[in-house]
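Colleague: Sharing a structure with you now.
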Amino acid sequence: MNLTTILVVDDSVTIRAMLEVLLEQDKSLRIVGIASDAEETFHLIRETDPDVITLDVAMPGMDGMAVLERIMKEEPRPVIMLSSLMREGDPMRVEAEAKGAAGCFNKSRMVTQAAELIAMIKDVAYQRGHRGDIPRLPLSARA
């Protein structure tokens with residue numbers, strides 16, 4: 001079985017713990033790092049080379065949008081943006097997608113729709129593995 005490796009980036013201890021519990025229930029996913037800020041994120045990207053990154057929008061210091069831009073320039077790979085503000089048509093979501101996010105997920109639905117988040121992670125990892133580029137989910141599939 002091919003494992004999809006994930007780097008979780010969120011400044012909230014609670015959200016990081018929830019993601020850990022939710023994602024590790026699926027045996028095809030493995031969290032290879034957990035970061036709470038930009039500096040730690042880039043250190044772990046270089047150290048662990050994750051297939052997919054889940055990235056919080058609101059973080060201290062360099063915010064998630066700036067981190068996303070830097071990832072796309074320096075270490076391109078699929079990034080799924082997480083925020084309680086990620087609703088269809090929201091300007092923040094449009095900005096994230098324009099900056100290269102492979103998907104966006106409303107983290108207020110993380111527990112009730114964990115299967116959708118897991119499917120999104122697997123889908124962007126699969127697409128990247130088969131096309132070799134950064135996948136973008138069709139608009140109809142973005143949560």
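Along the chain as shown, the residues are counted starting at 1.
Just so you know, glycine gets a Cβ as well, placed from its N, Cα and C.
Curation plays no part in TrEMBL annotations; they are all automatic predictions.
Features from TrEMBL:
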- 5-122: domain 'Response regulatory' (DOMAIN)
- Asp56: 4-aspartylphosphate (MOD_RES)
Colleague: Tell me, roughly as an integer, the mean pLDDT over the domain 'Response regulatory' (5-122).
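Modeller: Reported value for the domain 'Response regulatory' (5-122) is a mean pLDDT of 93.
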Colleague: Reduce the DSSP letter at the residue listed as '4-aspartylphosphate' to three states and note it down.
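Modeller: In the DSSP reduction, the residue listed as '4-aspartylphosphate' maps to strand.
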Colleague: Would you mind splitting the domain 'Response regulatory' (5-122) into helix, strand and coil residue counts from DSSP?
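Modeller: Counts, helix then strand then coil: 53 helix, 26 strand, 39 coil.
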